[in-house]
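Trainee: Before I ask anything, let me first share the structure, which is written out below as C-alpha cells.
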Amino acid sequence: MMFSTYLNSLSKTPQKLKKRMLATWTPDQELNKVRLRSGADMKRKLRWYDLVALGVGGMLGVGVFVTTGPVARKTSGPSVFISYIVAAISALLSSLCYTEFSVDVPVAGGAFSYLRVTFGEFVGYFAGANILMEYVLSNAAVSRSFTEYLSCAFGRNDPNSWRVHVHGLVQGYNMLDFPAVALIIVLTICLCHSTKESSMLNLIMTAFHVVFFGFIIIAGFCNGKVENLVKPGGIAPYGVRGILDGAAIVYFSYIGYDTVSTMAEEIRNPSKTLPVGIVGSVLIVSTLYCLMALVLCLLLPYNMIPEGASFSAVFQQMGWKWASNVVGAGASLGIVASLLVAMLGQARYLCVIGRARLVPSWFAKVHPTTGTPLNATIFLGICQASIALFTELDIVIEMISIGTLLVFYLVSNALIFRRYVILSKNPPLHTLFFLFLLSCTSFAFSLAWKFKLRWWNLLLFAGLTISATAIFQYLVPLVVMERPESWLVPFMPWTATISIFLNVFLMTTLKMVAYKRFGIWAGVITIFYVLYGVHSTYHAEEIMEMVVVDNVNTNSSTQQQITKVDIQLL
C-alpha cells in the first residue's frame, strides 16, 4: 500500500517540481514558522567574543597544518604566503556577503537559508547539500591530520605510525585511523551536551593556539633564512599560475566563518554581533595564515619541506626535537578546536534542511534540555568517523574546495539579486541578465588564463566584466533600506562582483578529478531531491497550506452566518 502510494506520488513529480523548485520563503517565515518545526528553540547564550573565537578556532587548525606543506612543495613554492593572501581577499569579500544575509536572516541555516529566500528551494538545497559534503569530508580529513601531529608530539617521525595498515584494501583507503575516529566520537558527545560549554572549551583552546602560533612565528623569523625564499628557483618557482593554483587549494581553510553564520539563533543581538564575529575572525586568521606560511618557507627551502605534519618535521630537521614535539602538541590542539567548530556548523545546517523537510524531519529536532540539534549531530558524527577511518586527505581535499567555492559564488549572486530586485523592487530580468553575463565573462577570463591564451584575451574579458558592472550600476537603481538592525555591504555591486569573479577563477584552477567527483555528488543529491525532497516539501508546504486555507474559509463562513443570525434576532 505504501509503495503504491509512493509510485502515485512519483508520477506527479513534474507538477511538484514546477511548484517547489523556485518556491521561496520570506525572512519572517524562516525566523518564525519554519523555526518552530524544531520543537524547542536553541538557547541564545553566545556573545561577540564567542563568535570571534569560534571563527578563529574553526579556521586556524585547518589551513596551516593541513595544506601549507603540500602546496608549498608541489604548487606554489615559497610564494605560498601570497596564495594565502589571494584566498584571503576572496574569503573576505564572500564573508561580507554572508554578513549582510546573516543579519537580515539570523537563522541557523547559513547559505542554505540565504539562497532559499532568494533563488528558491532547489538552489538552497543544492548549496546546503554541498556545504554539508564539504564539512563532513574536511572534518574527516582534518581528523586524520590530528593523528599525524599527535604522533609527532610523542616523538614519532612517521605520520602513519599510529595507523593500522590493512592488506587487501585499495591504496588510499588501507590505513585505518582509529585515533581520528576516537576524536570525532569525543567531540560529538561534547556537542550534544551544550553549545555554550563547547564554545567556552573552544575559547580556551583558541587562546592557547594563538599563543602557540606566536611561538612558531617568532622562532621562524629568528632562525629562518631569507635565502630559503629565493633558492632554489626564486620566490615563485611555479610562476603566477602556481600562486593562483595554490590559492584555490588553500581556500577551504577559510570556511570557518561560514560556521559563525550558523550560530545566528544562539547569539545575543545578532545585528551587532554577527558582523564583528564574521569579518573580525577572517581578518585575524588571514594575518596569521600568511605569517605562518612565510615562516615555513624561511626555515627550509620549499623543495625540502615534508608534506605530512610539515611544521613538526621542519623543526625536527633543524635539530629542535623539543620544538617539534611542542609544534605537534599545539597543532593537535588547533585541529581539535577547528573540528569542534566545524562540527557545530554542520549539525545546524542539517537541522535547518530538516526543518524545510528536504531530509527527514527527525534531523530537525532540537533537544529541549540541551538546546542542541542532537539527532543531526550524532548522525553526522557517525558519517565523518566512517570516512576518517579509511580515506586519505589527498583524495578529498580538492573536492572540498570546489564545493566551498561554488556555495560562496552562489551567495554573492544572491546578494546582488536581493539588493537590486527583492529590496529595490526592480524587474528581475535586467539583474538576471547581468549575473549571467558576469559569470560568462569571469569564466571566459578563467579559461583564457588556464589554457594560456594571449594577453589581449585576458584584457578583453576583464574589460567586459568591468564594463558590464559599471553599466549595470548606472542603469539599475539601488534603493538603500536603512534599518536600525540592518548591516549593508559597502560599494555594491562591486564587492559582490569581485567575489563572484574570484570564486569562478579559483574554481577553474582545480584539477579535472575534482570536477568528476563533484559531478557524481551533484548527481546523487539531485536524484535524492527528485525522489524524496520535492515530494516531502510539497506535502509539508502545499497540502498543509490548502488545509489552513480551508480552515480559514470555514471559520469565516461560520462567523458570517452567526453575524447574520444576530442581525435577524435584533
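The backbone N, Cα and C atoms fix where each Cβ goes, and this holds for glycine too.
Any TrEMBL annotation is an automated prediction that lacks curation.
Owing to the predicted nature of the structure, the values given are computational and were not obtained by experimental measurement.
The domain 'Cationic amino acid transporter C-terminal' annotation in TrEMBL covers 487-536. TrEMBL lists 48-69, 81-101, 113-133, 172-191, 203-226, 238-257, 278-302, 322-345, 395-417, 429-449, 456-475, 487-506 (among others) with the feature transmembrane segment.
Explain the structural surroundings of these features, please.
Mentor: Listed as Cβ neighbours of the transmembrane segment (81-101) (distance under 8 Å, sequence separation of 6 or more from its ends, same chain) are residues 63, 71, 75, 110-111, 113-114, 236, 243-244, 246-251, 253-254, 257-258, 261, 274-275, 278-279, 282-283, 286, 289-291, 293-294, 297, 408, 411-412, 414-415, 418, 487-489, 495-496, 498-499, 502-503, 506.
Sequence-distant contacts of the transmembrane segment (172-191), counting only residues of its own chain at least 6 positions beyond either end whose CB sits under 8 Å from a CB of the stretch, comprise 139-140, 143-144, 146-147, 150, 160, 162-166, 197-198, 201, 336, 339-340, 343-344, 347, 372, 377-378, 381, 384-385, 388-392, 394-395.
Sequence-distant contacts of the transmembrane segment (238-257), counting only residues of its own chain at least 6 positions beyond either end whose CB sits under 8 Å from a CB of the stretch, comprise 54-60, 62-64, 66-68, 70-71, 75-77, 79-80, 82-84, 86-88, 90-91, 95, 98, 134, 138, 278, 281-282, 285-286, 289, 338, 341-342, 397-398, 400-401, 404-405, 449, 505-507, 509-510.
Packing against the transmembrane segment (322-345) from elsewhere in the chain are residues 54-55, 57-62, 65-66, 110, 135, 138-139, 142-143, 145-146, 149-155, 183-184, 187-188, 190-191, 195, 198, 201-202, 205-206, 208-209, 212-213, 215-216, 219, 255-256, 258-259, 262-263, 309, 311-313, 315-316, 377, 380-381, 384: each is 6 or more residues past its ends and has a CB under 8 Å from a CB in it.
Away from its own ends, the transmembrane segment (487-506) comes close to residues 86-87, 89-90, 93-94, 96-97, 99-100, 103, 244, 247-248, 251, 271, 274-275, 401, 405-406, 408-409, 412-413, 415-416, 419-420, 435, 438-439, 442-443, 445-446, 449, 465, 469, 472-473, 478, 480 of its chain (Cβ-Cβ under 8 Å, at least six residues beyond either end).
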Trainee: Could you tell me the mean pLDDT the prediction assigns to the domain 'Cationic amino acid transporter C-terminal' (487-536)?
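Mentor: Residues in the domain 'Cationic amino acid transporter C-terminal' (487-536) carry a mean pLDDT of 86 in this prediction.
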Trainee: Under 8 Å, at least three CB pairs between the transmembrane segment (48-69) and the transmembrane segment (429-449) (pairs 6 or more apart)?
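Mentor: Answer no, regions not in contact.
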Trainee: What residues in the same chain, six or more past the boundaries of the transmembrane segment (429-449), come closer than 8 Å to it by Cβ-Cβ distance?
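Mentor: Long-range Cβ neighbours of the transmembrane segment (429-449): 241, 244, 413, 416-417, 420-421, 457-458, 461-462, 464-465, 468-469, 472, 475-476, 497, 500-501, 504-505, 507-509.
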